[in-house]
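Below: the structure, in structure tokens.
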Amino acid sequence: MHDPAIARLRDQDPAVADLVEAEARRQYEKVRLIASENYVSPAVLEATGSVLTNKYSEGYTGRRYYEGQQYIDPIELLAVERAKRVFGVEHANVQPYSGSPANLAVYMAFLEPGDTVMGMSLPMGGHLTHGWSVSATGKWFRPVRYGVRADTGRIDLDEVRDLARRERPKLIWCGGTAIPRTIDFAAFAEIAREVGAVLAADIAHIAGLIAGGAHPSPVGHADVISTTTHKTLRGPRGAMIMTTEEHAKAVDKAVFPGLQGGPHNHTTAAIAVALEEAARPDFADYAHQVVANARALAAALAERGFDLVSGGTDNHLILIDLTGRGVPGKPAAQALDRAGIELNYNTVPFDPRKPFDPSGLRLGTAAITTRGLTEGEMPRIAAWIDEVVQAAAKQDDTALDRVAGEVRELMAAYPMPGWAPAP
Ligand SMILES: *Cc1c(COP(=O)(O)O)cnc(C)c1O
């Protein structure tokens with residue numbers, strides 16, 4: 001049963017309702033290890049499903065282009081004030097539709113087309129929007145890219161500094177999608193200052209850890225901070241840009257009217273709800289448990305002979321290099337999905353294979369921690385992953401279905417926010 005209920009949807013449109021129910025059951029039964037995913041609270045779901053979606057409100061609180069903003073204005077103000085309090089920033093814009101548009105707004109605020117931007121290379125762990133070639137950000141700007149050291153799997157700050165001195169980027173990105181280690185915001189800030197670049201910290205993956213005090217904050221180091229709201233922060237699909245008073249106007253103008261029209265007010269309300277949740281003491285416990293679980297899972301995987309990029313993790317994310325395990329990332333991820341363990345295939349640094357069939361697997365503990373799993377369950381999950389990867393190498397499907405049953409049994413003991421099986 002979906003919670004909040006979807007009874008009207010069921011009556012009116014059973015085709016859609018059946019698929020929503022089926023997806024909810026899938027989320028309930030699986031060990032969800034996709035590093036960018038989570039389970040939001042029923043309160044966040046209710047805000048997302050509210051009549052606020054009916055309202056247009058181009059502009060900002062107190063300066064709108066449409067009438068009837070008596071209740072939208074205080075909602076957006078709540079979201080902004082909570083973002084400022086949770087992250088300790090001077091200014092927050094909560095209107096970007098998602099992480100990629102938020103990052104485009106950062107370019108719009110600080111750069112002209114053709115300017116040089118420096119970001120982490122996508123196959124090394126960066127994001128498309130940090131200047132990768134197929135992205136608008138790599139086509140409309142001049143990208144230069146840093147990576148990790150081959151021997152440590154960690155960001156090579158000497159390379160970052162040398163590249164920045166040589167290429168003189170106007171904007172430097174730190175943060176990414178597959179970085180299992182703490183980001184040294186102070187070191188990036190020093191490099192940016194030396195070359196006169198704007199430093200943008202993209203904390204999409206780690207925002208919840210920062211909010212909960214389980215990862216250092218970029219505040220005071222980065223000129224501008226972008227984040228999604230739906231990953232470790234456990235809010236609706238959306239994004240925010242945070243900055244200082246100095247850059248507030250440029251950022252706001254870039255989001256609207258630079259790139260967007262009306263903000264998604266139902267999302268804004270849900271962001272406000274999620275930020276109130278993130279300010280509670282139990283969210284700090286959650287954030288620390290996410291990291292404790294990732295550490296325990298990494299240790300259990302390493303014990304089983306898995307090769308982890310950088311040797312382990314400091315945050316919610318683990319990157320496995322499957323080279324030498326007899327099966328590449330894609331078939332391994334497919335076998336794991338069939339066995340009830342959901343993750344994604346991923347490139348690893350210096351991957352000799354193609355991005356659509358790379359050598360690695362990426363895992364994260366944000367979602368399973370929301371379900372209530374703790375360190376004690378991690379060796380079991382590592383054992384299943386080991387068993388399934390071996391079965392995939394031998395193309396033994398019977399093992400996969402047995403593991404799926406065991407996974408279902410485990411997860412039935414941990415309630416899911418937003419859905420429960422019919423009693
Ligand atoms: C997820 C992510 C984004 C993009 O977010 P979308 O909402 O998918 O557009 C941007 N940057 C980083 C580092 C991310 O992890």
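Cβ from N, Cα, C; glycine included.
Here TrEMBL flags Leu122, Gly126, His127, Leu128, Glu245 as (6S)-5,6,7,8-tetrahydrofolate binding site. Under the heading domain 'Serine hydroxymethyltransferase-like', TrEMBL lists 9-385. Annotation source TrEMBL lists N6-(pyridoxal phosphate)lysine at Lys231. Taken from TrEMBL, the feature site 'Plays an important role in substrate specificity' applies to His230.
Sequence features annotated in TrEMBL and their locations in the structure.
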{"residue": "Leu122", "record": "(6S)-5,6,7,8-tetrahydrofolate binding site", "Cβ within 10 Å": "23"}
{"residue": "Gly126", "record": "(6S)-5,6,7,8-tetrahydrofolate binding site", "Cβ within 10 Å": "24"}
{"residue": "His127", "record": "(6S)-5,6,7,8-tetrahydrofolate binding site", "Cβ within 10 Å": "24"}
{"residue": "Leu128", "record": "(6S)-5,6,7,8-tetrahydrofolate binding site", "Cβ within 10 Å": "18"}
{"residue": "His230", "record": "site 'Plays an important role in substrate specificity'", "Cβ within 10 Å": "26"}
{"residue": "Lys231", "record": "N6-(pyridoxal phosphate)lysine", "Cβ within 10 Å": "27"}
{"residue": "Glu245", "record": "(6S)-5,6,7,8-tetrahydrofolate binding site", "Cβ within 10 Å": "9"}
Problem - Distance, Lys231 (N6-(pyridoxal phosphate)lysine) to Leu122 ((6S)-5,6,7,8-tetrahydrofolate binding site) (CA atoms, angstrom) - result: 19
Exercise for the section: Mind running the recorded positions Gly126, His127, Leu128, His230, Glu245 against ligand 1 and keeping the ones whose CB falls under 6 Å of it? Expected result: His127
Exercise for the section: Fill in the CA-CA distance, the residue listed as 'N6-(pyridoxal phosphate)lysine' to His127 ((6S)-5,6,7,8-tetrahydrofolate binding site), as an integer in Å. Expected result: 14
Fill in the blank from the handout: By a three-class reduction of DSSP, Glu245 ((6S)-5,6,7,8-tetrahydrofolate binding site) is assigned helix
Exercise for the section: Express the distance between the Cα positions of Glu245 ((6S)-5,6,7,8-tetrahydrofolate binding site) and His230 (site 'Plays an important role in substrate specificity') as a whole number of Å. Expected result: 25
Problem - Length of the line joining the Cα atoms of His127 ((6S)-5,6,7,8-tetrahydrofolate binding site) and His230 (site 'Plays an important role in substrate specificity'), in Å - result: 16
Exercise for the section: Determine, to the nearest whole angstrom, how far the Cα atom of Gly126 ((6S)-5,6,7,8-tetrahydrofolate binding site) is from the Cα atom of His230 (site 'Plays an important role in substrate specificity'). Expected result: 18
